[in-house]
Amino acid sequence: MLHCGSLQHELISTMATPLDLHLLTTNIKQWGLSLGFQQVGICDTDLSVEEPKFQEWLDKQYHGEMAWMERHGMMRTRPNELLPGTLRVISVRMNYLPAKASFASTLNDPELGYVSRYALGRDYHKLLRQRLKKLGEQIQDYCHDFEYQGTLNFRPFVDSAPIMERPLAAKAGLGWVGKHSLILNKESGSWFFLGELLINLPLPVDTPQEECCGRCVACMTTCPTGAIVRPYVIDARRCISYLTIELEGVIPEELRPLMGNRIYGCDDCQIICPWNRFSQLTDENDFSPRATLHTPKLLDLFNWSEEKFLRITEGSAIRRIGHLRWLRNIIVALGNAPYQDDIVLSLQRKLGLNTMLDEHIHWAIEQQMTRRDANIVNVQTSQQKRLIRTVIKGLPRDA
């Protein structure tokens with residue numbers, strides 16, 4: 001026989017507890033750390049202040065051939081159009097700088113190819129997206145155990161959708177936007193990936209950090225091509241990362257000598273930044289450099305077949321540019337190297353494979369012959385010399 005007292009106890013024990021959003025927020029941040037993120041922040045979705053700045057950037061054609069930047073329009077500043085009902089953005093960061101980054105030793109040797117340090121290991125997109133999905137599932141499971149009215153929706157993003165991740169990260173308190181347009185953090189510099197989880201929960205938001213660049217313009221004066229046209233504004237058409245990764249066709253001739261031996265991306269504006277004295281090394285094995293891409297010899301890379309390129313870059317961000325652009329970038333670097341008979345012979349052997357490559361090969365051979373005739377050995381710009389000195393003196397761990 002069931003007594004009233006025992007029935008009341010049973011009803012109380014089965015009643016769901018109201019959802020405490022502040023406690024959930026604390027848990028979200030702890031779960032994020034457990035998943036390998038170094039920091040988790042939360043912000044609302046209002047990026048209206050960014051819209052006129054973004055439109056001006058597009059109007060000036062600073063996006064170059066990245067037509068998708070213009071195609072999505074202001075959706076990039078409106079997260080709730082990507083996931084209707086979005087109330088908050090959970091922003092995360094994850095360190096990627098490997099041990100023995102070898103900045104100076106690679107940039108100081110024109111016979112080597114410099115690959116941006118984020119691309120030395122496994123492609124980060126899939127890893128971060130999987131971790132963010134797990135975070136969303138943990139939030140979902142947690143909400144199921146409490147009295148929550150409505151359906152919980154979330155969607156992870158990692159640099160693969162029209163979303164302004166840097167302003168969101170700044171708004172969520174992960175750091176501030178530096179003059180090179182990257183997020184800077186007092187404890188970690190800028191060597192980290194960003195990711196976002198859009199969610200329809202009214203979670204408490206974090207306070208943005210104070211901007212701490214002051215009068216420093218080191219990134220602007222160090223940029224090899226002058227791509228930082230004014231603080232916080234990048235002309236992608238001049239940026240080496242754009243030229244070597246996003247640009248599909250011919251690299252403008254006037255910019256080729258300024259690229260040095262950078263064959264995939266460029267890190268100069270980060271390397272020179274004083275805040276990166278506090279950068280933290282990654283503890284993710286997937287971000288460890290692949291031996292074939294860490295301080296590689298240009299001629300070795302140039303002789304890879306397409307099959308070898310695809311095999312070695314499997315699971316790497318580099319693979320998406322394809323073998324043709326990979327060769328184009330290496331040709332420019334060979335053109336910027338001191339004269340060698342082997343370089344000229346290797347370039348000549350590749351003539352006739354592709355019209356776009358031929359244009360770069362003819363230029364590179366001409367550069368090589370000019371150096372031979374003028375007996376030019378030193379091919380470094382004053383900016384690069386300053387950068388290398390700074391790394392050796394101030395960042396011996398990463399030199």
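Just so you know, glycine gets a Cβ as well, placed from its N, Cα and C.
Predicted, not measured: the structure shown is a model, and the values here were computed from it.
Taken from TrEMBL, the feature active site, proton donor applies to Asp159. The cob(II)alamin binding site feature in TrEMBL is assigned to Arg76, Asp159, Ile183, Leu194, Ser241, Cys266, Asp267. For Cys223, Cys239, Cys266, Cys269, the entry in TrEMBL reads [4Fe-4S] cluster 2 binding site. Sequence annotations record features per position, and here TrEMBL assigns domain '4Fe-4S ferredoxin-type' to 201-233.
Structural mapping of features recorded in TrEMBL.
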| residue | record | Cβ contacts under 8 Å, 6 or more apart |
| --- | --- | --- |
| Arg76 | cob(II)alamin binding site | Phe54, Met69, Pro162, Ile163, Met164 |
| Asp159 | active site, proton donor | His125, Glu165, Phe193, Leu194, Gly195 |
| Ile183 | cob(II)alamin binding site | Arg93, Arg166, Ala169, Ala170, Leu174, Gly175, Trp176, Val177, Ser190, Phe192, Leu194 |
| Cys223 | [4Fe-4S] cluster 2 binding site | His180, Cys239, Asp268, Cys269, Gln383 |
| Ser241 | cob(II)alamin binding site | Ser116, Gly265, Cys266 |
| Asp267 | cob(II)alamin binding site | Phe103, Ser116, Arg117 |
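When other Cβ atoms within 10 Å of the Cβ of Cys269 ([4Fe-4S] cluster 2 binding site) are tallied across all protein chains shown, the result is 27.
Comparing local CB density within 10 A for the binding-site residues Leu194, Cys266, the maximum falls on Cys266. Summarised by DSSP class, the composition of the domain '4Fe-4S ferredoxin-type' (201-233) is 5 helix, 4 strand, 24 coil. Tertiary neighbourhood of the domain '4Fe-4S ferredoxin-type' (201-233): same-chain residues 21-22, 24-25, 28, 41-44, 57, 62, 87-88, 90, 139, 143, 152, 170-181, 184-186, 239-240, 242-243, 255, 258-260, 262, 266, 268-275, 381, 383-384, 386-387, selected by CB-CB distance under 8 Å and a gap of 6+ residues from either end. The Cβ of Cys239 ([4Fe-4S] cluster 2 binding site) has 26 other Cβ atoms within 10 Å, all protein chains considered. Site extent for cob(II)alamin: the farthest pair of Cα atoms among Arg76, Asp159, Ile183, Leu194, Ser241, Cys266, Asp267 sits 25 Å apart. In the predicted model, the domain '4Fe-4S ferredoxin-type' (201-233) shows an average pLDDT of 97.
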